[in-house]
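Novice: Sending over a structure as structure tokens; questions will come in a sec.
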Amino acid sequence: MASSPENNASRSVQKVTCSESSQAKKSQHAEEAIFYMNCRAAYLTVLKSSLEKIKSKEQLSLVLQQAGRNPSQKTVNKYWTSQTTTLNFDDFCTILKKEKPATKTELLEAFGRIDTDNTGYILHDELYRILTTRGEKMTRDEVSAITKQADFNCGGKLDYNKFCDLYMTTSEQCCKTAREKLEVDSRLRQQQFGSQAETSSEGITLPVSKPSPRISRKTDHKLAPTKGDSRTPSRPSSAQSCKASTSTNISVGASSNRNTKLIEPDTMKEWQCAQSKGCFYLEEDGEIISHKYKLHLPQRCTVCITIRPLNIRQVEGKSYHWLSVDTALYILKENETQENLQFVSFTEQQNKEMFGWKGELGSGVYWLLPFTTGCRLKKVKTQMTGEAKLVYRGEDGELALTKEFRAALLDIFETIDLDGNGLLSLEEYNFFELRTSGEKCDEEAWAVCKENFDMKKNELTRQGFMDLNLMEANDREGDPSDLWVTLLSLGYNKALEMTEACPFVIDIYAEKCKPRIKAVYLEAGSWQLNRAICKSVVNKGEAKVMDGCENIIIYTYKAGRRITSVIENK
């Protein structure tokens, strides 16, 4: 079929437009790459690490100067307010995007407003007067430092054309020197930036928990929070930008011949022990949240840290899939503040379903971050034929909990009783409340519970917990809606089977001191866990350069239950 000249012309225009668009995108990517390379170079000229934060106005001013800027005090104050305590690499990049470097034309225009006769010179006396009385006033010594420079001063006058040339050259030289230092130092070149994972042993920022308002126990199941509402993903996610180098990790279940058997010496029976329970909860969107812990060690000693699925009540002949869920703990050391965490190690040794780590730890505070791949704790579509009955009315017309529901509540109690003392403290009960209703119980409400339900030493007993749930059923006149909200949020299905949760237990054995462990958060793993996982794989995994892409390195670590890969884009 013949085509008209008009059609051919149209196709040509389209090809040219597409080509121009493609070239524009390539040009934009190239400019971004150069910008972020300059950001990295400037940042590491002043600071030792990408994760070290800018801690003062002086440091901010210095790092901006290394990036070719000449910030005034007004500019610095704009970004370093009375509320500012630190700025990170991402903040620095944002500032550089807003604060463009001065051009020679702009500098000459500024001097031209002083040199009204357009002679190309400014008398030193005039320069002293202006710089010491206007704007951000300089001292006479500071102005003298300028006028004494022979390169652009002669006969009591400043040649501002030469001054601008020297300023631009010096600024460019600063950027060039920083880039050269980055290229020469392979350790700096491999560092990760901003919100990305890094390959050096620097800090990991801890999430700041958001306090939950205390509201009375839920009364409308339609208003209760659904699983998955506004929570950070716990599965390590890919990096959010291409600022510098990025790392993505992928974990899959695996069988391996790697010898990672956890050896427990007989002498460990005499070691002092601390224990805490916890749980992985699966959200509606597949994300996983769990408890996170602080470990206190009063002195340096050898410790053994283990994690395994919690073996609660079992019915003979019935399988409990959570007992086969893979678990791990990542150990991080808290330094001066809890905002700066340093990766120590992770539980890679194995003994059946238990994973552990044994080694020496110094005195101080450590964070323990539980992890599961989600390969075995995941959404499973099952055809539900009916709904288990939770409550019934007896012959006297009074509401009572069914045998099946009571059994489920006993399992829940066992899971949320974190210290395993058979009682629920206010702290333990609040983890339960936050998970099921998004609320917290304050001291006043706890005192009301004490008046109405069975307690010992200000802690709720199993019977008290049962009665509290029965009261909820009575409040709704037998409507089990709120009870189902609680059960579903704790990983139970309508057949009262725990299918979307995995309770676990952590044991800490210390040779020379009494360790203390405490659950502090119930939240998703977020990028702190991602960073720790990436570091562990980079440290212990096998590195391989991707074919045809020398800047992309794949680290692969094979353990007893999983294979984890970290893809690093340099």
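For all residues, glycine too, the Cβ spot is worked out from N, Cα and C.
The compositional bias 'Polar residues' annotation in TrEMBL covers 189-203, 233-259. Per TrEMBL, the feature compositional bias 'Basic and acidic residues' maps to 217-232. Per TrEMBL, the feature domain 'EF-hand' maps to 102-137. According to TrEMBL, the feature region 'Disordered' maps to 1-22, 189-259.
Where in this structure would I find these features, and how exposed are they?
Specialist: Sequence-remote contacts of a segment are chain residues at least 6 beyond its ends whose Cβ falls under 8 Å from one of its Cβ atoms, and for the domain 'EF-hand' (102-137) they are 69-70, 72-74, 143, 146-147, 153, 156-161, 163-165, 167-168.
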Novice: Which whole number is the mean pLDDT over the domain 'EF-hand' (102-137)?
Specialist: 86
Novice: For the domain 'EF-hand' (102-137), give the DSSP counts of helix residues, strand residues and coil residues.
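Specialist: Breakdown, helix to coil: 19 helix, 3 strand, 14 coil.
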